[in-house]
Amino acid sequence: MPRPVLLIHGGAGDIPDSRIAGKFKGIKEALRCAWGSLVPASGAKGGALDAVETAVRSMELDENFNAGYGSCLNTDGQVEMEASLMEGQDLRAGCVTLLRDVMHPITVARRLMEKQRHTFIGGEAAQELALSTGSERLPANALVTEGARFTLQQFKEQLTQGKDPFFARTELAAEQKTDPSGETVGAVAMDHNGQIVVGTSTGGITGKWPGRIGDTPILGSGTYADNARGGVSTTGHGETIMRYNLAQRILAAIEHKGMSAQAAADQECREMTRRIGGTGGAIVVGHAGDLGISFTSQRMAWGYIQDDTIFYGIEGQVVHQEPLS
């Protein structure tokens, strides 16, 4: 019987020192919230699907991350969100994009996967699905934080100076060291049955055009789950990740080259940056339950639970740990 695994990330980019504490707090809180869904205290078998949704929902509520509340703003100063969710047994998936004024895009993606006949919808259709299946319509700008406004202001100031930080090729442009907004979030889980589920949610990138769609809702780029190979959630410069098809390439390395989750993630993240120039990262759970955590950006917040211990980090090989309970 497989050992349950839960691995999450809170985004890759040029994350300043001032935001590390908030990232760590949010990562640990999401892990604790979701672990009970994966490994119930009663000893009953938990589910990877519930665990992934719970972890991502927790981070969507936290302004330290770029998903849900605290999402980045487009050039019009509005939040447009996207998310995807995928199960590895039957390859079911739900992908949504261009959502506005709802708190949990990951839950909308789950409703699409479980109850509808389409796999990917966006804009008005995604909005209608969200509101017709139980999501509350939030007041206009309820998801906008002061940090996100400040970052957009910085972005526009750089444009007037002839610089476009969108092409810095990180999820957070290098010049925006004081950026208090967050990064894409994701989770990968394997339950007692060997079921692998992956979920990813984001507000995109500051200063994007209205209507821009990134890698997060695209299967094979931002998210992919296959019980026979593993599960991957990615983060970073979306245009780069889409062009490289990062999630699928990592799983192909596991399947065709016999690589471990860690080796496959390292190889493909490095090759993506070498070929295209953009940076990013990925978390991976292999079909055997092994973990992979890799990034070419300056930092990437991540965490997982193993042997009643939370392990977490944000840079290099530095690993922190503390008891789960």
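Glycine residues also receive a Cβ, built from the backbone N, Cα and C atoms like all the rest.
As given in Swiss-Prot:
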| type | residues | note |
| --- | --- | --- |
| ACT_SITE | Thr184 | active site, nucleophile |
| BINDING | Arg212, Ile213, Gly214, Asp215, Thr235, Gly236, His237, Gly238 | substrate binding site |
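Set side by side, the binding-site residues Gly214, Gly236, Gly238 differ in how many other CB atoms lie within 10 angstroms of their CB, and the most is found at Gly236. Recorded residues the residue listed as 'active site, nucleophile' and Thr235 (substrate binding site) have their alpha carbons 6 Å apart, per Cα-Cα distance.
Gly238 (substrate binding site) carries a helical DSSP state (H, G or I). Cβ neighbour count for Thr235 (substrate binding site) (all protein chains, 10 Å cutoff from its Cβ): 33.
The Cβ of Arg212 (substrate binding site) has Asn74, Glu80, Gly204, Ile205 as same-chain neighbours under 8 Å, each 6 or more residues away in sequence.
Around Ile213 (substrate binding site), the same-chain residues six or more apart in sequence whose CB sits under 8 Å from its CB are Glu82, Thr97, Leu98, Gly122, listed in sequence order. In the shown protein chains, 30 other C-beta atoms lie within 10 A of the C-beta of Asp215 (substrate binding site).
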